Structures are given as structure tokens and as C-alpha cells.
Amino acid sequence: MSGRDGRGEGDEGEMVGRVLVLNTGSSSVKYRLLAGAERLASGTVERIGEPGSPVADHEAALKIVATELADRGLGLDSPELTAIGHRVVHGGTTFTEPTLITEEVVRKIEELVPLAPLHNPANLAGIEVTRRLRPDLPQVAVFDTAFHSTISPAAATYAIDREVAERLRIRRYGFHGTSHAYVSREAAAAVGRPGGNVIVLHLGNGASASAVSGGRCLETSMGMTPLEGLVMGTRSGDLDPAVVLYLGRVAGMSLDEIDELLNRRSGMRGLCGDNDMRAVQERLAAGDRDARLAFSVYCHRLRKYVGAYYAVLGTVDVIAFTGGVGENSPLVRQTALDGLEAMGIAVDPARNARGERIVSPDDAAVKVAVIPTDEELEIARQTLGIISRTNRG
Ligand code: ADP
């Protein structure tokens, strides 16, 4: 069974109907139209609101999407369209499941804007435009945080003053949840342990890890924001919080400057100047010392999280690599898991180099899998799941 055929835990029957999946970001809109698991159309509208761009705002961008679909005879007015599924970044503690969008839901997503000031407003703009274009059509919000809502208070709580934390909603939420949900399920199925214990390493430009048991997320590496955790393309990941105080007090940097430093000029870019892992690996192969340090910091952090999540889970059935780096870099997979044989973790060099679905040796206690993520398919599945549940009453 391939990772893209849309099957999962007996929900095949629910994968009927046509869903337009929209990922409306601050400067781009990505869309995919799916009939079940089949991709009918997809595309991206970029440079929204940038100087000199023909795409003035989200309304203009979504009209381009509507026109592109209509040109292929798949317009938004098509009676065959069952629903629209929107990616929404932050659901706070309000939304722990995909949710049919109503006025009240829109208002509650607005209340969460302070927690995701760049993302939620863009997501809302997408929702508002499509609701105006097709007011009769069911629309579903699928939250990036929802899959992580099952982490325990022990995992979710920062050890700071509780009154301050509660008043300001400071806690760990986690992100990339749609990907972690999809990949953990696919990985467990791929090794014949549906419902087993999975460590997912989602390594793209952003990167996050999760520990999943019986389909429930127990831990994840991103926190109140996507800055915490693994080393990323341009984000630092874990850092002594006092570094922020030091940058302010001693270096005299403003909060905006520190934000920019940690989110855009850190991670692999900060360490060696390149945020693209392909470029880092080319320089590494050519003996570049900065690239070597950057690569070793990246892999060391990953290994640390694998060890920590092994402890959280107690036993591990499969470690799943996904995202642009996780799916395509045998060197990252090999290096991050190097020396963990005593934990039952090993990578078979030939299988790893070929990027097979299972890259661990046959006799390994812990399987290592490469699972291409598919967030759009997962959003479509979850959207149809909500629609069919709603229809059943
Ligand atoms: P996003 O988080 O934006 O969705 P992706 O999941 O597409 O990003 O991952 C982008 C990252 O994947 C980039 O750092 C890119 O260098 C890396 N990548 C893509 N192909 C390869 C490859 N063959 N080897 C190593 N890294 C790769």
C-alpha cells in the first residue's frame, strides 16, 4: 500500500466527495482539489501584497485560485464540490478537532490571533473570502495544533508562574499536527503495528518531533510558538531563555530585532549561511568547516530528541522521517541515529541510500521508516470525516 492512496484505519468509505484544500499563508495561497485521494488540481499563488506584485491581497489571490479551477471546469460553483478544508495554524486550547466553520468559530479563531499574529489572520482571510463566494458550502477548519492537544499537563506546562501563564495562555501547543497525525498513522501501518509507538521527525524548513502512542500524541518539540525544539532552516530551536534577556540588556537589541534573529537568521542559516540542507551537504562534502558544525548541531539535537522521546514512550515500534530533509537526506537519517544500536535502533546503509520505505535492518527491534508527508490529503480526509459525521446527525 502506498502512502498516497488515502487509506487509513478503515475510513476508506469516508474518502468520497470532492474537497478543496486551502492553505492560506501570509504571502501565499496553496490549493489542492481532491476527489477522495485523487488530485484533480493544485497550485500556488505567491507574493500576495508584496510591492510590485499583481496580487494585491488574499481576496485577489483566492479569485485567481477560483479562476484557475474554473478554467479546468472545476470551479467553486461546481455542484460536485462537497466542502472546503482550511488549514488554520493556531487552535489554542479551544479547538482540539477539525471544526465546521460558523460565525462563532470565526470569532474564536480571531480570539487566537495574539498567539499566531502572522498566521491566523491570513487563514481567516481565506475563510472569509471563500465563505462569501460559496456561503452554502460546508467549510472546515483543520488546526495545526489539534493533534497535539492530547499531550499531558506535564508535557504542556512551562515551569513559570501559573497565574501569569494561565492569564496569557502561555503553554506548549505544538505545530505541524496534520503532518504528525498522517505520518504517525502511516508509519505504524507500514511496520504492521497500527496503534503502535511512533517517533515522528518532521524535517522541512520548519522541523518538529513528536511521540505518538495508540494514535495519541504524548509529546512534541514545538511549544507555544514554532520556535522551540529542533534546529531548523532559519530558526534556533531550543535556547536558554536568558539569551533573549542578554541580547536585550547587554547587546541593546529590540524585541523585534531578537525576533528576527531567532526566527530568520538562526538555525542552519545562522550557523553556516545556508538554510537549504542540500547546499549544506554539498559544502560538507567539500570539507567546509562551518557547514560541518551546522550539520553536527542539527543531527545532535535530533538524536537528543529521539532519546528523550524513547524515554517518554517506554518502547518504540518505529521512527519515521518525513519532510523535505527527512524524506530526501540519507545522511541526516544515518547521522542522527548513529550509535543507537544499544537502543535497538539501526539504519541499513543500502536501504537508506535507496530511500526505501523501511531503512532499518530486518532484525532491528525499532524500525526506521521514510514516510512522505501529505498534509493536504490529511486535511481533505479530516474535512470529509467532519462532513459525514455532521450529516449522520
Ligand atoms: P517546508 O517546511 O517549507 O514544507 P520542505 O518539507 O519542502 O519544506 O523541506 C525543505 C527542505 O528540504 C530544504 O531545506 C531542502 O534543502 C530540503 N531538501 C529537499 N531535497 C533534499 C535533498 N535531496 N537532500 C537534502 N535536503 C533536501
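Just so it is clear, glycine is given a Cβ too, placed from its N, Cα and C backbone atoms.
Note that TrEMBL annotation is computational and uncurated.
As written in TrEMBL, here are the features:
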BINDING   ASN23, GLU375  Mg(2+) binding site
BINDING   LYS30, HIS202, LEU203, GLY204, ASN205, GLY206, ASP276, MET277, ARG278, GLY324, VAL325, GLY326, GLU327, ASN328  ATP binding site
BINDING   ARG87  substrate binding site
ACT_SITE  ASP144  active site, proton donor/acceptor
SITE      HIS176  site 'Transition state stabilizer'
SITE      ARG235  site 'Transition state stabilizer'
CB contacts for GLU375 (Mg(2+) binding site) [other CB atoms within 10 A, all chains]: 23
Other CB atoms, at most 10 A from the CB of LEU203 (ATP binding site): 28
Cα-to-Cα gap, GLU327 (ATP binding site) vs ARG235 (site 'Transition state stabilizer'), nearest whole Å: 20
Number of other Cβ atoms within 10 Å of the Cβ of LYS30 (ATP binding site) across all protein chains: 18
Binding-site residues clustered about HIS176 (site 'Transition state stabilizer') [Cα within 10 Å; pool: ASN23, LYS30, ASN205, ASP276, ARG278, VAL325]: none
Least buried by Cβ count (within 10 Å) of the recorded positions ASP144, ASP276, GLU327: ASP276
Rounded inter-Cα distance in Å - ARG278 (ATP binding site), GLU375 (Mg(2+) binding site): 23
Protein Cβ atoms within 10 Å of VAL325 (ATP binding site), excluding its own: 27
Recorded ATP binding residues, LYS30, HIS202, LEU203, GLY204, ASN205, GLY206, ASP276, MET277, ARG278, GLY324, VAL325, GLY326, GLU327, ASN328 - maximal Cα separation rounded to whole Å: 24
Close in space, distant in sequence - ASN205 (ATP binding site), Cβ under 8 Å, 6 or more apart: MET232, GLY233, THR234, ASN275, GLY324
